[in-house]
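Record features (Swiss-Prot):
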BINDING   Arg21, Ser137, Lys156, Thr363  substrate binding site
BINDING   Ser189, His217, Thr245, Ser277, Thr278  pyridoxal 5'-phosphate binding site
MOD_RES   Lys248  N6-(pyridoxal phosphate)lysine
ACT_SITE  Lys248  active site
Amino acid sequence: MDYNLALDTALNRLHTEGRYRTFIDIERRKGAFPKAMWRKPDGSEKEITVWCGNDYLGMGQHPVVLGAMHEALDSTGAGSGGTRNISGTTLYHKRLEAELADLHGKEAALVFSSAYIANDATLSTLPQLIPGLVIVSDKLNHASMIEGIRRSGTEKHIFKHNDLDDLRRILTSIGKDRPILVAFESVYSMDGDFGRIEEICDIADEFGALKYIDEVHAVGMYGPRGGGVAERDGLMDRIDIINGTLGKAYGVFGGYIAASSKMCDAVRSYAPGFIFSTSLPPVVAAGAAASVRHLKGDVELREKHQTQARILKMRLKGLGLPIIDHGSHIVPVHVGDPVHCKMISDMLLEHFGIYVQPINFPTVPRGTERLRFTPSPVHDSGMIDHLVKAMDVLWQHCALNRAEVVA
């Protein structure tokens, strides 16, 4: 068996289809976000503006967060020293979980090494805890949810994205006598559309189903205290399990679930992804807790974030660019093929100092390739002007279609 030949075949297929992924070597600079330094393959450096990061609010640079991390580092050192069960639970972890439980109005929270692991571990474990559990999942749920459900081996059904009639049809076919969990998201990251939380809860409640929501692209950014779209809409108490991240709006690292004390205790006790993973370093837990605590009160930062997203959408729409606008902070621009998508991304970086990663299959379906911009409160008007002008030039250069602009 020629193993290298098999690997070459797989990699060459990606190159041929124009969707081979390259890593851009960048260095974030303290206090300069969204500016960063790009180290080119030849070793030279160029200052760029990051337009595709997940540090949605710039909290990864916030003095409150950095101060908490410096204090914890000086106090405890680098790593946690173990799993949560064996010497790896510290005061910092307990404080963070208390902040998260309070954020979502739940009895408890459980911190994982990432939101991916939190989804995967929880969804793969629940069918072991609840015999006969059937999971009903939105078609566009994140890969971590899909993988967790797959690994559980339980009976599963997929309903059409945000389609309430299809959800009801599936639940009716399962019946009211079986345990059911309905899994969905609040903000779907590739299109930026919102999950139909209230209506899904209404239908799920008719069948006595548990509700599991992924708020990864919403926590910190929506709701009076940053509890997500469910908080914004006054629906947190109707959700049984909330999944979130500490690596996007909160600007640090890690993931979690928030739920009842009994639910968190059961997952803590049975999920291999929690039990056998080294816990977050105390310095990370301290920074995350400080960020969560700060954003509970920083309404102005959230409002500015939404304002910048609206401005960017309006400016790009004014050029006739095909924006996918569902009202969230995510700004996808539809390109429609992987070659042009990567070409525009490369030219933005090389010629304009603008970094946005192309989004290609399998992250999105073929023919829906896009550039996905994530404006933040610290992307100022000059940066927006520069981006809009660059997109205008490159869209014309690539002879891509524009929509008619109504005056």
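Just so you know, glycine gets a Cβ as well, placed from its N, Cα and C.
Here the features listed in Swiss-Prot are painted onto the structure.
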residue: Arg21; record: substrate binding site; contacts (Cβ under 8 Å, 6+ apart): Leu14
residue: Ser137; record: substrate binding site; contacts (Cβ under 8 Å, 6+ apart): Met145, Ile146, Ile149, Lys156, His157, Ile158, Phe159, Val182, Ala183, Phe184
residue: Ser189; record: pyridoxal 5'-phosphate binding site; contacts (Cβ under 8 Å, 6+ apart): His142, Val216, His217, Ile330, Arg372
residue: Thr245; record: pyridoxal 5'-phosphate binding site; contacts (Cβ under 8 Å, 6+ apart): Ser114, Ala115, Val216, Val219, Gly254, Gly255, Tyr256
residue: Lys248; record: N6-(pyridoxal phosphate)lysine; contacts (Cβ under 8 Å, 6+ apart): Asn54, Asp55, Tyr56, Val216, His217, Val219, Gly220
residue: Ser277; record: pyridoxal 5'-phosphate binding site; contacts (Cβ under 8 Å, 6+ apart): Thr83, Phe112, Ser113, Ile117
residue: Thr278; record: pyridoxal 5'-phosphate binding site; contacts (Cβ under 8 Å, 6+ apart): Gly79, Ser80, Gly82, Thr83, Gly88, Ser113
residue: Thr363; record: substrate binding site; contacts (Cβ under 8 Å, 6+ apart): Met190
Which residue, of the binding-site residues Lys156, His217, has its CB surrounded by the fewest other CB atoms within 10 A?
Lys156
Where does Thr278 (pyridoxal 5'-phosphate binding site) sit by DSSP, helix, strand or coil?
strand
In which DSSP state, out of helix, strand and coil, do we find His217 (pyridoxal 5'-phosphate binding site)?
coil
Assuming the binding residues for substrate are exactly those in the record, Arg21, Ser137, Lys156, Thr363, what is the maximum CA-CA distance in angstrom, rounded?
31
How big is the pyridoxal 5'-phosphate site in terms of the longest C-alpha to C-alpha distance among Ser189, His217, Thr245, Ser277, Thr278, in angstrom?
28
Determine, from DSSP, whether Ser189 (pyridoxal 5'-phosphate binding site) sits in helix, strand or coil.
coil
